[in-house]
Each structure stands twice: as C-alpha cells, then as structure tokens.
Amino acid sequence: MVLFLLFVLFSLFFLCTHVSSADTISADFTLSGDQTILSSGGTFKMGFFQPGNSTNFYIGMWYQELSIQTIVWVANRDKPVSDKKTSVLKISNGNLVLLDGNNQTPVWSTGLNSSSAHEAVLLDDGNLVLRDESGSPLWQSFDHLGDTWLPGAKIRYDKRTKKSQRLTSWTSIEDPAPGLFSVELDESTAYKILWNGSTQYWSSGRWNPQSKIFDSVPEMRLNYIFNYSFFSNATESYFTYSIYNKANISRLVMDVSGQIRQSTWLNNNNQWNLFWSQPRQQCQVYAYCGSFGICSDKSQPFCQCPRGFRPASQKDWDLKDYSSGCVGKTELQCSRGIVNQFLPLTNVKLPDNLEVWGITSFNTCGSACLGNCSCMAYAHDESSNRCLMWTKDVFNLQQFEEDYSEGNTLYLRLSASDMPSSSSSGKSNKAMIFGAVLGSLGAIALVLLAVIIMLRYCRRKRMRGEKSNGTL
C-alpha cells in the first residue's frame with residue numbers, strides 16, 4: 001500500500017513537472033504541447049493557446065491567476081501552428097525559435113545574428129528576456145509589443161531613424177495577426193492612433209512638461225492609480241507608466257474596436273473595469289465599419305449595412321471585425337439596358353474621400369453619377385449647388401440621431417432588384433434614374449420639343465402672313 005501511494009505521488013509529480021516548468025526556456029527545457037513556464041512571482045504564464053473557437057495555436061503570454069484568460073503578448077501573431085504537440089519553442093542557433101510540425105519548419109524567431117543566447121526567462125512584469133550566459137539581455141518582448149502595453153514597458157520614438165515603436169490591434173477576437181489599428185509616438189511628442197498605418201484619427205496632444213500630462217488627455221490628472229513618466233533626449237523619446245499599488249492589475253490595449261483602452265482588474269467582480277478609452281465614441285474610429293458600412297453610436301452592434309446591402313464577410317462580422325464593410329446583394333453592372341437606381345440615406349455624415357464634380361442642379365448631379373460607371377454614390381450640396389461623388393470606398397458613413405438637424409442625404413448606387421420597395425420620397429423618386437434609357441429618352445424628348453417649337457413657329461408665321469394678305 002505504501003509503495004502504491006509513493007507511486008501515485010511520483011506520477012503526480014512527474015505530470016506536474018511535465019506540464020509546467022519554472023520561468024526559463026533553455027537547452028534543458030523546451031515548450032511543446034501543454035507545457036508552460038511561469039514567472040517567478042506567479043503573475044504570468046506562457047505556452048500554447050487557442051483564441052476563442054479558433055483551431056490555430058499560438059505561443060502567448062497571459063495572466064496566471066485571473067479567471068478570464070487575458071493574452072498580453074503573442075510570438076507568432078500572423079503565423080499560427082496547427083498542432084501544439086508536434087510544435088516546439090526552443091533555444092536554437094543563438095535564438096529563441098518556434099518550430100512547426102513533424103518537419104520542424106521555423107515559424108517564428110527572435111531573429112538575432114548572435115549565437116550566444118543561453119536562455120529565455122519570463123519575468124514577473126510580463127517581459128520575456130533572451131540572455132547570454134552572463135545574464136546580459138540580447139532580446140526582450142518589451143521591445144516587440146503586440147496589442148498590450150503593460151506597466152513598465154515603453155513605446156519609443158527613435159530620433160535617429162525617425163521610426164516609432166507601435167502597439168497594434170488584433171485582426172479579430174480570434175485572430176491575433178496585426179490588425180488595422182495602431183498607436184505610436186511621433187516626433188512632436190504626441191501619441192496618435194492610426195488606421196492602416198497612415199490615417200490619423202486621434203491624438204493625445206503634445207506632452208506638457210509643466211502639468212506632466214498630454215494636452216488632450218486631462219484624465220491623466222487622476223493619477224492616484226497610475227504613475228506616468230515621459231523621457232526625451234537626443235536619441236529617443238518614450239512614455240511609460242507604473243502602478244502605485246502593486247497588488248492592482250492593469251493593462252492598456254490597442255483594441256480591435258480601434259479604441260485604445262486602459263483597464264484594471266476587479267477581483268470582487270472577476271472582470272476588467274474600463275478606466276479610460278479614446279476615441280470616446282466608437283463611430284469616431286476611422287473606417288470602423290468598412291466601406292459602405294453605417295456606424296451608429298446608438299445601435300448594437302455599432303455597424304449596420306444599408307438596405308439592399310449585406311456584410312462582405314459575415315464570418316468576420318461575427319468576430320467583430322467589420323473592416324470588410326458591405327456590398328450590394330446583387331453585383332452592379334454598368335452597360336446599356338441594365339437598370340441601376342439610387343438608395344437615399346437621410347440624416348447621415350457624408351463619407352470621406354469625396355470628389356467635387358462641379359456646380360450643378362440635383363437632377364444633373366444624379367444623372368452625371370449614373371453616367372459614370374465608377375460613381376458609387378453622390379450627394380448634392382443645396383447651399384452651394386456642388387455635386388459630390390464617391391468613386392472608390394465609402395468610408396466613415398455615420399448615421400445621426402433623428403433630432404440632429406445638420407445631417408445630409410447620400411445616394412448609394414444599387415441594382416434595381418435590390419431597391420427596397422418602401423424607399424420612396426420626393427427626391428428619392430428623382431434619384432431613381434434609368435441609365436442608358438434615361439439618356440435615350442432625354443435625347444428623344446429634346447428632339448420632339450424642338451420639332452414642336454418649330455411647327456408652332458412656322459404656323460404662327462404663316463397665320464401672320466395670311467392675315468396681312470387679308471385672307472382671314
């Protein structure tokens with residue numbers, strides 16, 4: 001009996017050591033299958049994970065003690081593996097390398113030229129450090145951030161290379177690949193949020209050394225939880241923060257929503273509590289609903305497709321990734337005899353990327369758009385009689401509330417078969433223009449009108465001539 005108990009204890013000990021190790025990956029310990037490493041203080045754990053219902057596996061880092069698995073860093077963000085049992089994270093040729101499958105194909109690496117890497121250690125602040133035999137760091141995950149900014153990490157601007165370190169959102173809640181939204185520090189000492197790495201839609205304002213806050217973030221004055229620091233010299237600038245009470249858990253995330261969000265963990269409720277976010281309104285996020293998607297801060301979800309349209313990728317929309325936008329239910333065709341019409345969207349914010357076609361009437365504006373196969377939407381500015389057209393993506397289409405009086409009407413091009421039967425109004429009827437048919441009828445009408453005028457002119461001339469001759 002005693003031998004049996006000893007055997008059970010030994011087996012349990014073996015299983016525990018097989019599943020979870022200390023805080024280090026070395027020549028003597030690699031990560032594969034369900035194996036993990038745990039930071040020395042027990043705050044963070046690292047190993048293979050699957051986001052949501054995804055069938056893909058990633059090497060990631062998460063909080064050990066939280067009831068909700070919250071990923072803070074992913075190694076192979078855009079290169080998942082399909083089998084964690086045959087994949088391995090190990091020290092190889094001076095690097096930390098993830099090898100995939102039976103053929104052991106390299107999927108991810110720290111990418112160093114040095115061959116002196118000895119071990120990788122997971123620290124209790126969430127930083128994974130690759131170091132040599134003397135303990136000197138060669139590489140660290142804090143220099144290669146994903147979507148999460150942990151206390152102690154820095155987002156830098158390199159003044160020598162003019163390059164900024166970025167915090168980049170996931171593509172969706174089940175795909176950690178770099179998404180469309182990112183935040184970075186620019187040369188003016190302001191943090192900015194970008195869409196697709198180029199279009200800025202929010203800025204923190206410049207750092208104010210007197211008040212020690214960013215000009216557009218007055219919430220930073222409420223610094224009873226966070227201790228903020230900004231540093232700048234001849235070679236770099238960076239911002240970092242720490243937490244006064246080390247028992248508190250906090251993170252700052254470039255979210256899939258396009259908002260940057262700072263949250264703290266509430267032990268009593270076992271959930272994250274949102275402390276601060278920007279932009280404050282979801283519809284202020286550039287192109288959040290994709291092309292032709294309508295954003296409304298009063299609806300859930302925030303994104304909807306216009307009538308006659310559908311999500312371009314329903315699967316992505318189900319994962320809260322609306323970037324694919326909306327498409328017409330029937331593919332548009334632009335040829336003689338094909339009927340296209342216009343769907344009026346009232347009380348909306350007009351999309352970006354407009355083109356001014358000219359100064360003209362409402363009817364002529366609609367006809368011009370219909371006659372241009374590239375024209376996807378138009379609007380008419382009554383105050384200036386400008387004809388506005390959209391020939392590419394229709395981004396940032398926002399629905400205002402009913403009591404908002406400064407909205408505009410946008411006319412979206414649709415196949416006649418997709419037109420809702422209830423969409424009729426004074427101007428919408430005018431907007432239902434029949435392409436080539438309208439052109440032909442217009443030409444015929446002008447000819448008939450000219451003939452009628454000429455006949456009437458000739459008849460009046462003849463009558464005047466007969467009257468002068470006394471025949472009447």
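Including glycine, each Cβ sits where the backbone N, Cα and C put it.
For 22-143, the entry in TrEMBL reads domain 'Bulb-type lectin'. Per DSSP, the domain 'Bulb-type lectin' (22-143) is made up of 3 helix, 54 strand, 65 coil.
Annotated domain 'Apple' per TrEMBL: 334-415, in sequence order.
Annotation source TrEMBL lists signal peptide at 1-22.
The transmembrane segment annotation in TrEMBL covers 431-455.
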Per DSSP, what is the residue count of the domain 'Apple' (334-415) in each of helix, strand and coil?
9 helix, 36 strand, 37 coil
Take the domain 'Bulb-type lectin' (22-143) and average the pLDDT across it for me.
94
